[in-house]
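Here's what TrEMBL has on this protein:
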- 8-270: domain 'Pyruvate carboxyltransferase' (DOMAIN)
- Asp17, His205, His207, Asn241: Mn(2+) binding site (BINDING)
- 394-521: region 'Regulatory domain' (REGION)
Amino acid sequence: MNDPAARVRIFDTSLRDGEQSPGCSMTAAQKLRFAHALAELGVDALEAGFPASSDADRDAVRAIAREVRGSTVATLARCHEGDIDACAAALEGAAHPRIHVFISTSPLHREHKLGLSREQVVERAVMGVSRARRLVDDVEFSAEDALRTEPEFLAEICSAAIAAGATTLNIPDTVGYTTPSEIRALFEYLRANVRDADRAVFSAHCHNDLGLAVANSLAAIEGGARQVECTINGIGERAGNCALEELVMALRVRSHYYGAHTRIDSRRLVPTSRLLSRITGMAVQRNKAVVGQNAFAHESGIHQHGMLKHRGTYEIMRPEDVGWSQSQMVMGRHSGRAALADRLQALGFQLEEAALNRTFAAFKTLAEKKREVFDADLEALVLGSDAVAHRGWRLSRLHVSTGAGGEADTMPTASVQLHGADGETVSEAAVGDGPVHALFAALARATGIELDVDSYQVSSVTTGDDAQGQAQVIARVDGVEVTGSGTSTDILEASAHAWLDIANRQSRARAPAVHRHAAIA
Ligand code: KIV
Ligand code: ZN
């Protein structure tokens, strides 16, 4: 590589490219919490959203721009005046704002999506970049579907974007089509053929349709990319984006080979990954590199023997360096408020007084039920108490009975009592094919909300027979997939919380704007 001490900037797009994928939607408050976690992780830039796409996205970007410090806050816009102005308005108050404009450049997209000639596409790109540049100093230009674009046309539009004021040129493999040697050669070609190439940072944005997103991003770095766009846990459109944790650890573990480094605090990788999967309810596969539960598990006798002699025999990185804590057992029922605050801080949660009080009360209740409270339990508590802080239905009583045999007296039955946002109390009961079916029917009767449930699953938060259960419900609301999650030592109670999580999101989304703003604050 030309530059032996190359610094690669990490641009996280979990809140934009990631969040727009099925099962990953987040509320504005959840986005804000996650944006803080990304800044603590040390990302150079975080893409907070696409303000012109919805009021909710605009509000979330505003809150992030006002509060998050330490990382550039970027927002996405098509090359349309309205989109670009919406970005600038949403970014007000940001310490380091960036507007990211994009337009499709491949022949397929030019003809079938845009109906524009090459010249018209360049003209729009120049308009978009120049307008953004009049509003902020930091402008990124993306050539959508770049990897299926004629290289000489790509060089032409990138040259025009630099002349119009772009400071970062992003080359997306929008459909995950490229291969490592091809993308490396393309970056080398662009760096040699784009006019004034040294005035901009070249960036890779790889999708994972062929499972090559990380490999392709690493190859792009070999070709001269100095920014990589990625997401935590690799979430994103279809098969996802380049997984941040994998890319960062590949650069670190193979630093002599790549000669490149990032400013990511790798010990925050596992907590950030876990935070995202708790917020979205999207579990990380056990054998996922770096952040999966099995990533450092050694089961075979031969491997265990080797590990006992020397860890390096079967481990290329240390679990603690990516944030797996050595000892998972942290708290018990005698632990105090200050110890809880300390441990939460180590897990990346800085709670204000009211939130800490809510979490401490929930911790005491949990510690009465469970002998050992693990980090994962604490994370679930914080996120659970966030949900309680929001307006909406809360479960105050639950009774479920079940049986087999098909007689009336063995029919699964559930009764619930809920408190509403306006102080009302509602009680309802229902029967069903099974206890969960009966429970969801009782909740629907009590709230008057019908959910079209697509999937339902329960997993355990930690190990042991007193582990908390985490329930995840995915439902379709107005054609959009929404995920709800709930945690409790009782899996039926966890299931009720997960169902209510979606119902409350649905009510908030339909509430007048003033209530939505209140939820962000
Ligand atoms: O995949 C893609 O092309 C994108 C652009 C909007 C950057 O996400
Ligand atoms: Zn993308």
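Cβ from N, Cα, C; glycine included.
Quantities reported herein were computed from a predicted structural model and do not represent experimental measurements.
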**Request:** Mind tallying the region 'Regulatory domain' (394-521) by DSSP state, helix then strand then coil?
**Result:** 44 helix, 49 strand, 35 coil
**Item:** the domain 'Pyruvate carboxyltransferase' (8-270) [mean pLDDT, rounded to integer]
**Value:** 97
**Fill in**
Same chain, |i - j| six or more, Cβ under 8 Å of Asn241 (Mn(2+) binding site); the result in sequence order is Thr13, Asp17, Gly18, His205, Cys206, His207, Asn208, Ala213, Glu229, Cys230, Thr231, Gly234, Ile235
**Prompt:** If you count the other Cβ atoms within 10 Å of each Cβ, which of the binding-site residues His205, His207 comes out on top?
**Reply:** His205
**CB contacts for Asp17 (Mn(2+) binding site) [other CB atoms within 10 A, all chains]** = 24
